[in-house]
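Worksheet: one structure, shown below.
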Amino acid sequence: MSILDVIKQSNDMMPESYKELSRKDMETRVAAIKKKFGSRLFIPGHHYQKDEVIQFADQTGDSLQLAQVAEKNKEADYIVFCGVHFMAETADMLTSEQQTVVLPDMRAGCSMADMADMQQTNRAWKKLQHIFGDTIIPLTYVNSTAEIKAFVGKHGGATVTSSNAKKVLEWAFTQKKRILFLPDQHLGRNTAYDLGIALEDMAVWDPMKDELVAESGHTNVKVILWKGHCSVHEKFTTKNIHDMRERDPDIQIIVHPECSHEVVTLSDDNGSTKYIIDTINQAPAGSKWAIGTEMNLVQRIIHEHPDKQIESLNPDMCPCLTMNRIDLPHLLWSLEQIEKGEPSGVIKVPKAIQEDALLALNRMLSIT
């Protein structure tokens, strides 16, 4: 189910009056509800969230960290997930039936996740099985719908995050000769390349044309990349890197592996949001960095490291628009709905989908 389907089915819309409240009033009310509920309320926040939201997060992290935290939390009655829809789905699947997972704004989706739906995936699988036989194991980035995770779990595969993709790909190659990697071609390509797989041994599946694009024929294909991408990270270009180095040859460039292979290759380093944060934390004072990832995180890193010269690799970059739908008014409204006993934006993955999706998620967690 795409995020558009979710919106059509949902009446969980915040009243406009919340937008008229002062920031101080909203912060006071959020803090009061957090104090009232104590450990019965848990707020995980993704690194890409706004500061006005992240200040109230009980735990911040990337997709892998938040998935692991959600799985371990047994105390909270309500988990208010400050992230996007697929993350809240994952939290729902990893927590108990007695726990309620809430997304403050149901419009907080992920364009990448919507680039692979079940009809497209079933058609692709049928055609790829015809071409390659039973030699393929599917993997999906956690930035995917619960239905896609279920498909992958049903066919023996696992989910991956940008933190653990390399480990999961290594495991997958012990299971089958070939990998189908959904839905982000860039993370799949960059990870496979790091494992020593040549670009000519990778092919791209175009779901819009229902065709496989392989430069050197089908025989040597080891990785089949779904033609999807992150709309934020695709905006970092090789021109950004050339311009940055021309302006300052001493600057170090670190990017997220959702960037294109060309950008990753030209950069000094690449890794998950956690890896980027850890790298900057450990860097010496006075070091200079250009970071290729979402702007909210970059701005937060800049603020936290006044002793270093840090900037965005793309000076015209904007934050992730869907992630930014979770703002302070929506967080407050969501918490007050819980306080009234009428939680809105409840995320509930159907049992049949959940069972197969959990196979994929648990395989990932056991590998990493």
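Backbone N, Cα and C atoms are what each Cβ position is placed from, and that goes for glycine too.
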May I ask you to find which of Ser17, Ser22, Ser162, Ser231 Swiss-Prot records for the iminosuccinate site already listed with His46, Ser63, Tyr141, Val142, Asn143, His256, Pro257, Glu258, Thr273?
Ser162
Taking Swiss-Prot at its word that Cys110, Cys320 bind [4Fe-4S] cluster, choose the one of Cys230, Cys259 listed for that site.
Cys230
Recorded iminosuccinate binding residues, His46, Ser63, Tyr141, Val142, Asn143, Ser162, His256, Pro257, Glu258, Thr273 - maximal Cα separation rounded to whole Å
17
Asn143 (iminosuccinate binding site) to Cys110 ([4Fe-4S] cluster binding site) - Cα separation in whole Å:
7
Taking the Cβ of Tyr141 (iminosuccinate binding site) as the reference point, list residues of the same chain whose Cβ is under 8 angstroms away and which are at least six residues distant in sequence.
Met112, Thr159, Val160, Thr161, Ser162, Ala165, Phe181, Leu182, Pro183, Asp184, Leu187, Gly188
